[in-house]
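A.B. asks: Got these off TrEMBL a minute ago, pasting:
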COMPBIAS  395-418  compositional bias 'Basic residues'
DOMAIN    139-264  domain 'Palmitoyltransferase DHHC'
REGION    361-449  region 'Disordered'
TRANSMEM  57-76  transmembrane segment
TRANSMEM  88-107  transmembrane segment
TRANSMEM  192-214  transmembrane segment
TRANSMEM  226-247  transmembrane segment
């Protein structure tokens, strides 16, 4: 099934209705031999096949190893204390060991550890095309949250750095700028193995150089000797560091453990290793079938006995065992709504409804954000109910007007009553004024009898 069929739709995944996020947008920039080059504008990053280009630490490792190779070969050839026969042996052995290390290192860095797109939980497929893998690279939070909230393959992990799910995830190795997982763990172990032997040959050459100086009883500052003196401390530091990792992963190889699993187990009460099937079986699950045992230590492709999705366990109740869910079919996906249709009322059908042809009826609501037709405020529809807020506002205005009219009438009555009272009080006041006034005619009384 084409994954783009369920892109942006609402599906029932793991007994829960979920929105399938939009897939990542990317551009194909070209192809060199078998290497596809892609560019993701949203994260501004280039990918070569499955590897996100990150050249921060690998150049340090490559420069140190190439300088050590040059210094070792130069010193072996220029050393007069070594016979021609042994010079040839040292040059051949160092060159072969270095080439095996270099091939293992580059393949470990550039090969996919077993990436799975973020939408794996929808179909739970085991094979994806290159285009489907690129579509499933996480470039936003919606995609990450979808992958985080759903199941992942047994012993798998969701990685922010990888932007995908990783099968049999072990750890992120900054020295190869890649995740170490199902498909490149053997290559990772091989580059550790050949690192050990590369340094061992280099240290033998250093020992021969020291023997030459002691035998001559003086130090002659030749170019190869100066270069070796400069590289002794960095090489020794890298040797001790890589040997610590090599010994730890040898233990993991024999017990079928991972760095991530060991880290998680430290915080759990159950410390049991469910995947330890015995030394031989563990090596077979990591390195390949026993028939390929003679080439286990060569960086050649070997078929795997495990697909990375289901693993044998030595005890029941494995905490990483995934539950069973209905299989998503193309018929079911076509019956599911888009996000917009779901918001407008189209329900998400169940698997049983689609299988039996009983898809529920529905009526689409108006799209969200659609502007309603203009209304005539003077002639509203008779059956249209006014919104509660408008009715309350109208009632408030009406009450306010009634109160104002009552107050006006009351003030008017009060004013009329006051004027009437003043008219009544004016008459006695005038009489009093007349009786008190002086007699201007000369008689003693101002009022006739």
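Including glycine, each Cβ sits where the backbone N, Cα and C put it.
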A.B. asks: Give me the DSSP three-state residue breakdown of the domain 'Palmitoyltransferase DHHC' (139-264), ordered helix, strand, coil.
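C.D. replies: Summed over the domain 'Palmitoyltransferase DHHC' (139-264), the classes give 80 helix, 12 strand, 34 coil.
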A.B. asks: What parts of the chain pack near the transmembrane segment (88-107), using Cβ distances under 8 Å and only residues at least 6 beyond its ends?
C.D. replies: 61-62, 65, 69, 72-73, 76-77, 82, 176, 184, 187, 190-191, 193-195, 197-198, 201-202, 204-205, 298-299
A.B. asks: Can you check how the pLDDT averages out over the domain 'Palmitoyltransferase DHHC' (139-264)?
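C.D. replies: It averages 90.
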